[in-house]
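**Q** Questions regarding the structure given below will be posed in turn.
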Amino acid sequence: VGCKAILVFFQYGVMANFYWLLVEGLYLHILLVLIFSPNRHFTIYLLIGWGIPTIFIITWTVTRIILEDTGCWDTNERGGPWWVIRIPILISIIVNFILFISIIRILLQKLRSPDVGGNDQSQYKRLAKSTLLLIPLFGVHYTVFALFPDRSSNYYKIIFELCLGSFQGLIVAVLYCFLNSEV
């Protein structure tokens, strides 16, 4: 029971990580689109970040107990229970990628406006810098292996996620907190 409980909390942490990346993307997108909006919807963000993973982890736990209650739940012999977690994570990755593309489009429009000074080279340099800063914030690197089957790309996926995913929090903290004079 202890092993299963630890795995449930582990899966909850993984899913909450993806949904908090989605919340960051939603928040930034809303800030850029609705510049003068007085309502910041923090309660909705909390429900998305903690609530949606809770619903799916409870569903996964119940389906795991009913369909595949073997061992410590660290293997997936049947695909059903695993997809209860996998599909919401894939949806959050896809929505976050769409938000990322939308924000890049907004940044490109703002850089092309006549109010922004500078030549084309400096504008594209700003766009490239902004894009590179947004990649770790949105978790865009997860889209690389999101739609591949786990068995076909597992080795490369592990290496890729260990190299980029492990340092994502550090990169975001350095770029958005430590190097930000406002913080």
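Each residue, glycine too, has its Cβ placed from N, Cα and C.
Below, the features straight out of TrEMBL:
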type	residues	note
DOMAIN	1-180	domain 'G-protein coupled receptors family 2 profile 2'
TRANSMEM	18-37	transmembrane segment
TRANSMEM	44-67	transmembrane segment
TRANSMEM	87-108	transmembrane segment
TRANSMEM	129-149	transmembrane segment
TRANSMEM	155-179	transmembrane segment
**Q** Count the CB pairs under 8 A between the transmembrane segment (18-37) and each of 44-67, 87-108, 155-179, then give me the winner.
**A** 87-108
**Q** For the domain 'G-protein coupled receptors family 2 profile 2' (1-180), what's the model's average pLDDT?
**A** 79
**Q** If we skip the immediate neighbours and take only residues 6+ beyond the ends of the transmembrane segment (87-108), which ones have a Cβ under 8 Å from one of its Cβ atoms?
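**A** For the transmembrane segment (87-108), the sequence-distant neighbours (Cβ-Cβ under 8 Å, at least 6 residues beyond its ends) are 14-15, 18-19, 21-22, 25-26, 28-29, 32-33, 52-53, 56, 127, 130-131, 134-135, 138-140, 142-143, 146-147.
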